[in-house]
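**Student:** Got a structure here, written out as structure tokens. Questions coming.
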């Protein structure tokens, strides 16, 4: 069995009376695509926020590569190789698409206390940036401001930025949110190509995509992990059917 | 060389280049303006030296306000610290500019480090209030410095001495100091240009645009914001040292919060986040401040003459009564500010056409 890359131990996060993460335990193995599914309000995005360091859990432990990262700030986690994309598109709108990915590369190369040479003329930033855009199919939009990209293109850029950090674990928060069928298919294609090369924790509502991509699936309901297993196991799981899949079928 | 000339291919670049040439050559054509009776040479050079120095301060504020999104409402505190460093050293007989200026810059950087380290942990209105509070604190320290004139300030008897290279009296002194100020401004503009386009500047501007995303990319955003805050403070301290030399006088009024407000107005008026915007803003603001009252008087005299010719002098009051209206010239300045903010979001800079990317 592959080694565990990310380990979550009885994580708890409360917002007032609401328990958004309820003694949640989870592990992501190196090399796998681990999907996280669950109805709206199950606490998926809250979990991603805690894993990426934007939200402090009330209790519990997060271990990445055997190292306790529970208290580590977001930027430091990225430098360890854990990067995320956002459910609500979060690109730098004033910058071009290429600037956006070049900034990810810039962060990956270390500190930015370099005050003299033009960053936009720096091939060591621009070339990997172009490659990252190429990979998500955005090369033709490289020099357009991110704000002028279509919704689908911004989603692609969002993923390109997370990937350009060259993470060992990629946290993808609904990469296909709000995409049309064609754009979705393209994103699934992209994620399929990445499969095996990168470990991914994928939140997604598109069940076809999830069952096509995931090696293992964890089902979250009211902040709790009610089941973890292969797609086939999850499909056969009674608790999951009643809690989630049944709901989706009737809805 | 080709790269150096490419700005001249746009109107925006040409206007900026023309402005820099006009500023740079002022000492050479000022005698001609004087002879033509347009403006006294000494007055023109003195006024424009002040414009150049405050433009340096505004450019430094633009680094954090325009490029970094940090609305510091206490930026004049570094003008004060830089000025007081020069003034106090001169008071104790240390006139060596090679000591005064590095110290003024260094102390300002240190002060910015302290203020920034505390203020930058907050956002929005809290950040504005904290920077204001720190500046007011230093302002009252200045007021309390009885040994250095307290509220009344301190006259500087001798300007900074740079190994005797600068003339110390007469018109030569004024001309030389104008040229020094111009050269410093150009160097500061060049420095900021390099900074904001280097990796550091991309990190800073990205943080202004979307800090959460920058953190998610692995940027320790606080450090870049703080570094920019310190660099801006240091440059502004340099402006303060120049200003003390220019006015040969220091007082707490240099760092009063209204001065910080003036700097913000210059940056907004000229164009936030544009390299030359603060220079345009400083020129427009200070020249309006200087000439708006007389301009208004001219207009009022003309109007009064016209209307009294039609309606008869008695009906509309005396010219003197009308001219007193010019005392409210700040209302006109305020109106111009409002118009700029409403209709020219990018400030004066945006009137010269859209920037090319980068």
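Glycine is treated like the rest: Cβ placed from N, Cα and C.
Curation does not apply to TrEMBL; its annotations are automatic.
Copying in the features that TrEMBL gives for the protein in this structure:
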TRANSMEM  B:45-65  transmembrane segment
TRANSMEM  B:72-92  transmembrane segment
TRANSMEM  B:98-118  transmembrane segment
TRANSMEM  B:125-142  transmembrane segment
TRANSMEM  B:175-196  transmembrane segment
TRANSMEM  B:217-243  transmembrane segment
TRANSMEM  B:263-288  transmembrane segment
TRANSMEM  B:295-316  transmembrane segment
TRANSMEM  B:328-348  transmembrane segment
**Student:** So which of B:45-65, B:72-92, B:98-118, B:217-243, B:263-288 has the most C-beta pairs under 8 Å when paired with the transmembrane segment (B:175-196)?
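**Tutor:** Ranking B:45-65, B:72-92, B:98-118, B:217-243, B:263-288 by Cβ pairs under 8 Å to the transmembrane segment (B:175-196) puts B:45-65 first.
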**Student:** Under an 8 Å Cβ to Cβ limit, what residues of the same chain, 6 or more beyond the ends of the transmembrane segment (B:328-348), are close to it?
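**Tutor:** For the transmembrane segment (B:328-348), the far contacts come to 265, 267-272, 274, 277, 280-281, 284, 288-289, 292-293, 296.
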**Student:** For the transmembrane segment (B:45-65), which recorded stretch in the set B:72-92, B:98-118, B:217-243, B:263-288 gives the largest number of Cβ pairs separated by under 8 Å?
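**Tutor:** Per the Cβ under 8 Å count, B:263-288.
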**Student:** Where else in the chain does the transmembrane segment (B:217-243) make close Cβ contacts, counting only residues six or more beyond its ends and a cut-off under 8 Å?
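**Tutor:** For the transmembrane segment (B:217-243), the sequence-distant neighbours (Cβ-Cβ under 8 Å, at least 6 residues beyond its ends) are 50, 53-54, 56-57, 59-61, 63-64, 67-68, 70, 72, 75, 78-86, 100-101, 104-109, 111-113, 115-117, 120-121, 160, 180-181, 184, 188, 191-192, 195, 200, 203-204, 206-207, 211, 254.
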